[in-house]
Amino acid sequence: MNSIGLVTKLSDPMAIRATSELTEWLNKQHRRVTVTAEAAKAANISPKLAAIKPLEDIGEGQDLVIVLGGDGTFIGAARDVLRWKVPVLGVNMGRLGFLTEVSYDEMYDNLKEVFAGHYNVEDRMMLTAFIRRESGEVLSHHVLNDVVAHKGHLARMMEFQVSINGQHVFTSRADGLIVATPTGSTGYSLSAGGPIIHPRLDTIIINPICPHTLSNRPIAVPGDGQISFRLTQNEPDRLLTLDGQTGVPLLDGDEIVIRKSDRSLRVIHSPDRNYYDILRKKLHWAETVGTKRDLSLRPADDR
């Protein structure tokens, strides 16, 4: 792995500082580094140390993309690097994430292992969401975590009809509807009472948000199923949110169609780390009360 792209959470001073230090370290390892113009400016990175590319092209020609930030930064970067099929490594800046599972303190040792070939690559399922209107298709969007239909500013219920592979499954009144990947099962869907799905399983979750009828429970369907739903009531201020980062207004008559994408995200993991360790730490299973985390960065001399 000789060409490394960096994606930085620009609102996080720790991530900016880490980007600067990592760029210098990678140069000492004789790796070619690429950063965004915004990150180069924020971290004061010399053009001699890194090439500059727009975020949407950061994966082009790279052997690895490293995301410095949180899960939200990782999800945004995932869509940008998807077309390049480049593996991604997530580094968290203080809080363990389900996607950014490597801590800053572990980063350098972890990268040495990666450069030595000691790593696993896991393909994460993605979804493709479509909105179909009488005027034609108005949206096609790749999603790593979830697609959520919900009300906008007012806390009111929605009514929708859900079908799978053209077969009607249920009609529900609820605060909204979540369609999630296994990766997204630990996101909004988990907060809405959905199950945790191992990321290697080929399945899609359909999860009503606070349904009016308690018998409307989350269901998991095969990954090759096509899920579609329509809103059955004429009400304003309805949105379709994609990975919690893009919102699209919904109109009367819209049909939302969701299916497994023909693309997947390649995520790098240490073979010494397992998914259940991350669940236990992130969800505080059997954690000792009062445990504190050291969020400080190590001095460069300690690496």
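Heads up, the Cβ atoms here are built off N, Cα and C, so glycines get one too.
These numbers come from a predicted model, not from an experiment.
For ASP71 (active site, proton acceptor), other Cβ atoms within 10 Å of its Cβ number 23. Summarising the annotation, Swiss-Prot assigns active site, proton acceptor to ASP71.
Every protein chain shown contributes to the tally, and the Cβ of ASP175 (NAD(+) binding site) ends up with 17 other Cβ atoms within 10 Å. Annotation source Swiss-Prot lists NAD(+) binding site at ASP71, GLY72, ASN145, ASP146, ARG156, ARG173, ASP175, THR186, GLY187, TYR188, SER189, LEU190, SER191, GLN245, citing sequence analysis.
In the three-state DSSP classification, ARG156 (NAD(+) binding site) falls within coil. Cα separation, SER189 (NAD(+) binding site) to ASP71 (active site, proton acceptor), rounded: 15 Å. Rounded to the nearest whole angstrom, the C-alpha distance between ARG156 (NAD(+) binding site) and ASP71 (active site, proton acceptor) is 29.
Neighbour counts of Cβ atoms within 10 Å were taken for the binding-site residues ASN145, SER189, SER191; the minimum is at SER191. Annotation note: GLY187 (NAD(+) binding site) sits in a coil segment as assigned by DSSP.
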